[in-house]
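As given in TrEMBL:
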- 189: active site, proton donor/acceptor (ACT_SITE)
- 319: active site (ACT_SITE)
- 99-101, 130-133, 140-142, 188, 320, 325-327: substrate binding site (BINDING)
- 409-461: domain 'Fumarase C C-terminal' (DOMAIN)
- 332: site 'Important for catalytic activity' (SITE)
């Protein structure tokens, strides 16, 4: 059975478009010309583009360059997309023109056809709203797409990533306080070191997240600068002189974020430095999360033959062959997604560095990777919090056993008998499989009373 089609036209001529679809000729050509992989433009980016089109219509109406009836219809159509309607109308691949022109036209065509229907007209060549002259008025793909990238990234960071990081930070901070009096052995180079408290160890994780949150927040001001109004090359050709400032204000009103018009449209269109910088902060957060997740799974290793200092929630069976096995799956998921963020950072860096003259043409790839990284980190932090961090508990008996067996407690003797004699005690105890006290007494370097007074782990942990 043949699919019903309608004929639409662009500057290349006629092309058949599925009759039940809202997109038009340029979207259909892109579908035919870029059958590459399965990655599609993200819902976050489509949402941001719809915000751009809504804001532009409202401002153009207020400036008297767009008829009221068309503006109202465009705004209504854009609102439907913002509300999550028509998701099947945005099928284009990430791997397309580097300016995102086809995706911009996808939005223009869908909104034009839907606006025409809302005005009592039809979709297709007889529509009442033109995708270029009306929906794209005063705009170019070259300023629309980078604007949408900034909106999508900033919105996702503020509304998803930062809340998730703050939630995890609060959980780990509560654990740090709860574990403040649990003295354990420290480890450096994967070898025994001097003691600290479990609370101090967790306080390091809290500080990492504090720094990561600050790093991400520091990237927002540049993301709040919008290219819209620069049109083709940054000069603002064909846009009303007041358009840039007013449309940034309108986008800020719609998103409740402090967007402003970029002071240099040439910078924000020719480069992608704001997103490169932002992704650097995302990479840093990924490095922190990977460290935290790795520490937790190592400290929870066992249950009988590992470090076993922590117990973590048992969420699901861990093996298809070993009965009763439970794995640190949340840590594994987090470490994998952090690897993906590291890879995304390389792609964003290369794309950001590869713009030529007045336009960066790696934008769909940069947007895809930045938004994926934000989504992975936000979801990963929340999942790790909900299914692992909140349930972390100390294994006191195991912690005490390992603490008292450590040879590095000998460090407490340095101020009393010197480094060399302390080292001899540690080596003798290790070689002969005895305790530090037995080795110290055998060497005659101190008395039992002196050892008991000087080697006290709880006094080796500094200021708490």
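Heads up, residue numbers simply count up from 1 along the chain you see.
Using the three backbone atoms N, Cα and C, a Cβ is placed for every residue, glycine included.
Here the structure is a predicted model, which means the values were calculated and not measured.
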Nearest recorded site to residue 133 (substrate binding site) by CA-CA distance, among recorded positions 189, 319, 332: 332
Largest tally of Cβ atoms lying within 10 Å of a Cβ, found at which of the recorded positions 189, 325: 325
Residue 188 (substrate binding site) CB neighbourhood, other CB atoms within 10 A: 9
Segment-level pLDDT (mean, integer) for the domain 'Fumarase C C-terminal' (409-461): 96
Distance from the residue listed as 'active site' back to residue 327 (substrate binding site), taken between C-alpha atoms, in Å: 8
Which of 99, 141, 319, 327, all recorded positions, has a Cβ with the fewest other Cβ atoms inside 10 Å: 319
Close recorded positions near residue 325 (substrate binding site), where close means Cα within 10 Å, chosen from 189, 319, 332: 319
For residue 332 (site 'Important for catalytic activity'): intrachain residues, at least 6 apart, with Cβ closer than 8 Å: 293, 297
